Structures are given as C-alpha cells and as structure tokens.
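Feature annotations, courtesy of Swiss-Prot:
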type: BINDING; residues: C91, H133, H137; note: Fe cation binding site
type: ACT_SITE; residues: E134; note: active site
Amino acid sequence: MALRQIRLENDPILRKKSREVEKIDDRIKQIVEDMFETMYENKGIGLACVQVGMLKRIVVIDMQDEDGKMVLINPKIIEKSEEKQINIEGCLSVPGKNGYVERPKTVVVEYTDLNGNTQRVMGTDYKAHCFCHELDHLDGVLYTDKVLNLSEEEVERLNNEK
C-alpha cells in the first residue's frame, strides 16, 4: 500500500471527467487500497480517484457505519428524491474550507464492486450528500461550485421547512 498525493482545488485534473473502468484487475485493486490508505491518513470519509491524480471512475467511502468500507466502480445515481436537504460539506482537495450545499435527501447509486458484480445502495441524509459529492468529482465538479451563501440559522430554517 502507498499513500498518494491529494490534488488540490487549483489542479486542472480535478475539472476533468473521469473515464469508466473497463477491467477490474490487480492494478485497480492496488489503486483502491492506496485510496483507502490516503483517505484514512487525511481523515476523510470519501475519496474519488481523480483526487489522487487518476481519471478513473472509482470512489471509496467509509462513513464508519453499518455499510463499512465501500468501493464504487463506475457509479451512477439512478434515483434521487425530489426532497432536498442542505448540509455542510468539506473536501480533502479543498483543505481548511467548508460550505453549505443543497443535495437530494435520498439517492440510489448503482455501481460495480471489486468482484465485478453490479450493486445498488441507497444513501439518505448525510450519506446521500457523500455519494453526490464524490460522484460529482468524477465529472469534474467540486462542492465549491454549489456552495450556498447562507448562515447557519438560514440553513436550519430551510431544512425545517421541508
């Protein structure tokens, strides 16, 4: 396993669209291991492959919950709720900053696992935010593109209205 360098927000690679993974081989499995090690070392809960400089549609997530460590290869959101929520987000590629972002309250993600099987997972509340945030990276979008200019009180009021 090896730590990889996290690309920062001014790196042009973060604005590029990642490519589908065609074959899950030992190299892909090594990249995934390195991504987890890098994510844990930097105290993150999610990491997209582009954040370590490779344009591959791979995301790793570990929210320390019942789903445990997740590897999502070629993920896509196939369902999302009309109901929205606003939550605070940060990013390992944008250190020292955070901001409020509106995202669907619930999403269903279809992806390929490390064994080549198609899977589906539902994320609600903060997990939905995490899925959307990481999948945005695969399309060259940073959370900072979506930040709302709201106070904490405004966010609480808006979330309670829903």
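Using N, Cα and C of the backbone, Cβ positions are placed for all residues, glycine too.
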Could you round the CA separation between E134 (active site) and C91 (Fe cation binding site) to a whole angstrom and send it over? 9
Near H133 (Fe cation binding site), which residues of its chain come within a Cβ-Cβ distance under 8 Å, counting only those 6 or more away in sequence? G46, E89, C91, V101, R103, Y143
Tell me, how many other CB atoms lie within 10 A of the CB of C91 (Fe cation binding site), whichever protein chain they belong to? 25
If I restrict to non-local contacts, at least six residues apart, and a C-beta distance under 8 angstroms, what lies near H137 (Fe cation binding site) in its own chain? L14, S18, A48, V50, Q51, V59, S93
Around the recorded Fe cation site (C91, H133, H137), other residues with Cβ within 8 Å of the Cβ centre, ordered by sequence, are G46, A48, Q51, E89, S93, E134, D136, L142, Y143
Which secondary structure state does DSSP assign to C91 (Fe cation binding site), in the simple three-class scheme? strand
